[in-house]
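Copied from TrEMBL, the annotated features are:
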- 79-159: domain 'Cadherin' (DOMAIN)
- 160-268: domain 'Cadherin' (DOMAIN)
- 269-383: domain 'Cadherin' (DOMAIN)
- 384-488: domain 'Cadherin' (DOMAIN)
- 488-598: domain 'Cadherin' (DOMAIN)
- 261-290: region 'Disordered' (REGION)
- 615-636: transmembrane segment (TRANSMEM)
Amino acid sequence: MRTYHYFWLLFWAGQPHQSFLTPLSKRTSGFPEKEKVLVLSGNSRRDLHRSKRSWMWNQFFLLEEYTGTDYQYVGKLHSDQDKGDGSLKYILSGDGAGDLFIINENTGDIQATKRLDREEKPVYILRAQAINRRTGRPVEPESEFIIKIHDINDNEPMFTKDVYNASIPEMSDVGTFVVQVTATDADDPTYGNSAKVVYSILQGQPYFSVESETGIIKTALLNMDRENREQYQVVIQAKDMGGQMGGLSGTTTVNITLTDVNDNPPRFPQSTYQFRAPESTPPDSPVGRIKANDADVDENAEIEYSITEGDGYDMFGITTDKDTQEGIITVKKALDFENKNLYILKVEATNTHVDPRFLYLGPFKDSATVRIQVEDVDEPPVFSRPAYIMEVKEDVPVNSVIGTVTAQDPDAAKNPVKYSVDRHTDMDRVFNINSGNGSIFTSKPLDRETLLWHNITVIAAEINNPKQSSRVPVFIKVLDVNDNAPEFAMFYETFVCENAKAEQLIQTLSAVDKDDSYSGHQFSFSLAPEAASSSNFTLQDNRDNTAGIFTRKTRYNRHEMSTYFLPVVISDNDYPIQSSTETVTIRVCACDHRGKMLSCNAEALIHPTGLSTGALIAILLCIIILLVTVVLFTALRRQRKKEPLIISKEDIRDNIVSYNDEGGGEEDTQAFDIGTLRNPEAIDDNKLRRDIVPETLFMPRRTATARDNTDVRDFINQRLKENDTDPTAPPYDSLATYAYEGNGSVAESLSSLESVTTDGDQDYDYLSDWGPRFKKLADMYGAMDSDKDS
């Protein structure tokens, strides 16, 4: 019997949809189904004859998105050792156990407590076990089973983008690929047609089409022109269930832009253009603008303009404005109304980027006629040449004509012209011009050696309209004449030895000439007639613009004649011949047997800026004597200087004593007895200076008493003389104060300094007799007297 039961369970494992059927109290599925029983079998491990293993049916199926109010029934666990007496307890563990899935521990019924979504989790793996309720020990090994969630079509297809953007060239062929859209369905692709997506076009026909299986969008209409319509909006639908009715769907928008190709040639809006240009328009100036329209954009609309023919082909040019694609007509040469006043041009506009595919549409260029009318303006005079070059000899007399400039009015009126020289170019007024005929003449003598070229500017202006003027440069070259005599190339000062031999070369001479010679200078040298016969030297012309000085006798004596002056005549060979007399200084010197100079009066020749040894010694002695004198004088002054008793920051070395206390007033007579200045007889013979240390005691000189009628000037001069002659006076500056006001004052002395030597009180009643100016002073001192009396 047991062996039969074992194979019976194996048969259940091979037929998973068969199960024990037991009545249930509740049905939670909308579909009629059999009760699903998972049978646990096995025996004690001690029984070696029982070897039945775990699950005989290990898989459950459950539909997603359950919408009922009760828990959804999953299946039932059952062990073959369950006798129905409640001794076994069923335990569930694994994914969602106790939360999503619960089990009746007595019966083994499994239920789902929540709504499940296959797209969130398609499979749940759980483990089941039956244990003895009394001992707590498992009666079967723990086994694993699976709950699979069956899919339903609850997800619509979703496109990877909400909006697609694509572009294709205009005029594309039918079937040209545009873009591919993709939609995905979250449903199970292995279960039914829930995830099978089919594409269709809802908006965008008849211009575009879409492949139902791939989602590739293609063009469906021939020769779509961007210039007619540039933007298209296509709506694509993706539907699951293979597109059948009842399937879910999603849509997306595809924005398709037609890009430009060069399928439109440029076209001028008009066949003829007219412009006006004043004849004074400078070259490279614009005259006007023309534009050919092109329906294309960007580089397909770039246009190149050119002048193909016309009588103004060489007078005008045209360029392209890259920003506006306009043709700018410019002047190439100066216009002349009197010469030609109308030009006709043929201008052509051509695309720079031509697409060969569209050449069949016609030539991608267009042409137009441009008429340019030249307007007459009042022009300044025009010189016959752009510049003038003139030549004049430097010896021409003043007011000599050297050349003529010519200018005339180019206008039909032919207004008369007057000439003038721009004085900014001829500050020295060397030249002048005839205002009527333009002849230039000299107004000052010329000198080629001073200035070779004169560059002046001549102004020609209309007499009726002086503002209309023009300028021309005139270059005047001064030609050379032989008006300068040759001279030595340098200052020559040479020497001759006392023991020189006859016919000995002592100096070679050369000359220069400021004049210009076309065939080269040729100078001749000779001694002056007065020195030719009596000279101690001879001169030999080398015929190469140099000459040599030779000795005539054997010996020279520098004590008899220390210096010789040799006059030399230099002449040129130009016409008229010019000559000059130059002097060579020759000094007689003592030399050794080799001819090397030892000493002579020519030290300046060897040391032109030096000093002799004797002069240097004399200067050095003077400097030493001067230093000794300064040292002695400084020592004497230091010896006579007295050391001050007060050494502080207030000692300013000017014999001024500063007090920081405020007591004493007029009774403070320790520093200076100022009263003695008024009464010299009160001088104490034994009183000495207190601000210096006495070194030698001199008897103070008694000062003569000042007379009552002594004038202030005489008094001060007397005191000044006494201080100057006082041997006890300090060697530094001192301040002498004289409190003497003289006898010329009607009020006599107003100083209160005399109060030091006066014992009586003053009577100030007389102040009231001095008038209103002293009234305030009289009241003050009168009040003081009244206070004393009281």
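Glycine is no exception: its Cβ is also placed from the backbone N, Cα and C atoms.
Residues 169-171, 225-227, 296, 300-301, 303, 305, 316, 321, 326-337, 347, 349-351, 353-355, 357-358, 361-377, 379 of the same chain lie 6+ residues outside the region 'Disordered' (261-290) yet bring a C-beta within less than 8 angstroms of a C-beta in it. Panel annotation: around the transmembrane segment (615-636), no residue of the same chain lying at least six beyond its termini places a Cβ under 8 Å from a Cβ of the stretch (none). Across the domain 'Cadherin' (79-159), DSSP helix (H, G, I), strand (E, B) and coil residues number 0 helix, 37 strand, 44 coil. The domain 'Cadherin' (488-598): residue composition by secondary structure is 4 helix, 53 strand, 54 coil, according to DSSP.
Residue counts for the domain 'Cadherin' (269-383) by DSSP state, with H, G and I taken as helix and E and B as strand, are 10 helix, 56 strand, 49 coil. Summed and averaged per residue, pLDDT over the domain 'Cadherin' (160-268) gives 90.
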